[in-house]
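Enquirer: Would you mind keeping the following structure in view while I ask a few things?
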Amino acid sequence: IFGRERLNGHYAVGAFVIGNTISSIPYLFLISLIPGALAYYLVGLQKDFGHFVYFVLLLFSSMTVVESIMMTVASIVPNYLMGIITGAGIQGIMLLNGGFFRLPNDLPDPIWRYPVYYIAFHTYTNQGFYKNEYEGLSFNNDRAGGPPTISGNEVLRSYWQVDMGYSKWVDLAILVSMVVIYRLMFWGIIISVEKLKPILKYYMAASPKQSSMILENPTPISSQQEMV
C-alpha cells in the first residue's frame, strides 16, 4: 500500500514513518495494558499501583521496540515469510543473551556480551522489571554465617547480576531511545532502497556490454532510458 501511495506522490517517507508509529501506539498500549493487568496481580507481584504503572510502561516500550524491529526488517526483506523468520531470529538471539537464560557474567565476552548483551532490549526490560519488583524489599537469608535478612538490592546485585548504577527509569528511557533509533533506521532504509532500487533494476536489466558502459560512463538513468 505504501509503495503505491508513494508512487502516486500522496505523502513522503517521513510522513509514512510518523503516521505508522502514531497509529500503532493505541493498539500496542491496549495489548500491554489488558494482558498486563491480568497477569500482574495473578502472579503475586507488588500490589502498589505505581509498580503496576511502571510494569505496563515497560511492557509497552518493549512491544513498541519489537514493532520497530519488525518494521525495520520488513523494509529490508521483501518476502513476508522470510521477514518473519529474520525478525524472529534477531529477537531470539537478543532473548538468549539478555541476561535471563544465562547471567551476564556467564556470557562469553566476544560477540555475545559485547555487543549483543548491551544492544538487546531484553537486557533493559529484565533489569527494569527486576528493579521494579525487588527494590525496597527484604528477604530471609538462608546462607550460613550471614545476616538474618537480605535486601532486594543485594539480591539484584549478587544473584541476578543487575547493574545497580542507575535506576529503573533509566532502563525505561533506554527502551524509548531504542524505539527512536529503530524508527530512524526504518526511515533511512526506506529512503536508501527507494533511491538504489531503480539503479539496481536498470543495471540488472541491461546487457553485459551496456553494464560495462554504465560503469565507465555513469550517465544519469533518465538520460540512459531516453537513449534506449
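Backbone N, Cα and C atoms are what each Cβ position is placed from, and that goes for glycine too.
Automatic, uncurated: that is what TrEMBL annotation is.
Below are the features I grabbed from TrEMBL:
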DOMAIN    1-134  domain 'ABC-2 type transporter transmembrane'
TRANSMEM  12-40  transmembrane segment
TRANSMEM  52-73  transmembrane segment
TRANSMEM  80-101  transmembrane segment
TRANSMEM  172-193  transmembrane segment
Enquirer: Six or more residues beyond either end and a Cβ under 8 Å away: which residues meet both conditions relative to the transmembrane segment (172-193)?
Expert: 13-14, 16-17, 21, 54, 57-58, 61-62, 64-65, 68-69, 71-72, 75-76, 121, 124-125, 128
Enquirer: Report the DSSP secondary-structure composition of the domain 'ABC-2 type transporter transmembrane' (1-134) as helix, strand and coil residue counts.
Expert: 102 helix, 4 strand, 28 coil
Enquirer: Is the transmembrane segment (52-73) packed against any residues at least 6 beyond its ends, judged by a Cβ distance under 8 Å, and which are they?
Expert: 20-21, 24-25, 28-29, 31-33, 36-37, 40-41, 45-46, 83, 86-87, 90-91, 121, 125, 128-129, 132, 168, 171-172, 175-176, 178-179, 182-183, 185-186, 189
